[in-house]
Amino acid sequence: PPEKFNVTSFAATAVAVITFEAFAGMWINAFIVSVICVAWVKRKSLNSNEKILLVLGCSRFSFLCISWLYSSLSVIYPNYFYVPPTYTLIVSIQSFFECSNLWLSAFLCVFYCIKIANFRNSFFIYLKVKIDRMVPWLLLGSVLFSLVIGTVVCDFTNKVHCNNSTSQGNFSNMSIRMEEHFLPLFLIYGFEFVTSFMAVTFSALLLLFSLWRHKHNMQTNSMKDLSVDAHIKAMKSILSFFIMYSINFTCLILNMIYVKREETPVFLIFVFLYTFTVVHSLILIFSNPKLRKSMLKILAFVKCKVCMR
């Protein structure tokens with residue numbers, strides 16, 4: 001029927017767009033990881049910023065890969081996707097990398113704030129001195145917390161599958177009943193988004209206040225402060241974080257609103273999520289001198305190859 005053809009066409013188009021964005025994001029994050037790993041081999045060490053970017057790049061690469069698999073299988077092979085253990089395994093792994101991605105991104109934002117902002121508070125000074133030693137432990141804590149979230153999601157989805165066991169010809173009704181019981185998972189996701197979003201927001205406000213104080217001191221004392229440029233660069237990166245988290249939080253709310261309807265804009269939500277993940281990874285590349293230099297070299301090499309043809 002024409003109605004069925006329209007739905008199929010929309011789903012096929014959405015999967016094609018998601019595939020393009022997911023593979024673009026995987027390539028970009030693989031580039032970040034490879035450049036940092038090469039620097040690691042040459043110098044035998046990494047600074048704190050590179051450690052965070054390395055773990056974040058691995059997390060985003062894995063998240064885009066498993067999310068693309070989730071989106072594709074749910075459309076192409078729904079009868080084989082919404083069954084244990086396939087659905088349980090993919091959802092739990094996706095939750096692990098999604099949580100890891102959120103917390104690592106927020107931690108990078110907080111790291112920029114602590115490193116660049118200047119306050120006379122004793123606790124803030126203590127964090128500025130100790131932050132480099134705390135980075136490995138905080139990264140490990142983020143991974144362990146994400147593992148806990150993934151385990152909880154795995155256990156919950158497994159129980160939902162057991163309570164909603166059905167015959168092979170009734171998978172659509174099964175998925176609808178599963179979505180109706182997913183409120184606890186949405187609360188978990190909401191906690192992840194809200195806490196990470198608040199961390200990004202407070203970091204942006206603190207850095208903005210620190211920048212305002214620097215500019216005020218410069219005007220009062222008529223002296224040039226080089227840290228203002230560092231403040232401005234960090235603010236650009238943190239604002240990109242803020243925009244990404246705003247989009248993620250909006251998509252979460254939309255997903256909770258439309259999840260019980262038969263015709264949902266879930267693929268449009270995935271498109272927006274992938275778009276801003278890819279864009280933010282590009283911002284991280286061009287805001288880092290080493291990554292930007294390597295990217296420009298690759299682009300110049302590709303341009304030369306194209307011109308030679």
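Using N, Cα and C of the backbone, Cβ positions are placed for all residues, glycine too.
A quick note: this is a predicted structure, and the numbers were derived from the prediction, not measured.
Under the heading transmembrane segment, TrEMBL lists 12-40 (among others).
Per TrEMBL, the feature transmembrane segment maps to 52-70 (among others).
Look at TrEMBL and you will find 90-114 (among others) tagged as transmembrane segment.
The transmembrane segment annotation in TrEMBL covers 135-153 (among others). Non-local neighbours of the transmembrane segment (135-153) in the same chain are 48, 51-52, 55, 91-93, 95-97, 99-100, 103-104, 107, 111, 185, 188, 192; each lies 6+ residues outside the stretch with a CB under 8 Å from one of its CB atoms.
Residues 98-99, 102-103, 105-107, 109-110, 112-113, 116-117, 119, 149, 152-153, 156-157, 160, 231, 234-235, 238-239, 241-242, 245-246, 248-249, 252, 255-256, 259 of the same chain lie 6+ residues outside the transmembrane segment (182-209) yet bring a C-beta within less than 8 angstroms of a C-beta in it. What TrEMBL records for 182-209 (among others) is transmembrane segment.
Taken from TrEMBL, the feature transmembrane segment covers 238-259 (among others).
Per TrEMBL, the feature transmembrane segment maps to 265-287 (among others).
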## Note on the structure
Sequence-distant residues near the transmembrane segment (12-40) by C-beta distance (under 8 Å, 6 or more away from its ends) are 46, 50, 53-54, 57-58, 60-61, 64-65, 67-68, 71-72, 75-76, 267-268, 270-271, 274-275, 277-278, 281-282, 284-285, 290-291, 294-295, 298
#### Entry: Non-local residues, at least 6 beyond the ends, that sit with Cβ under 8 Å of the transmembrane segment (265-287)
10-11, 14-15, 17-18, 21-22, 24-25, 28-29, 31-32, 53, 57, 60, 63-64, 67, 71, 101, 105, 233, 236-237, 240-241, 243-244, 247-248, 251, 254-255, 258-259, 295
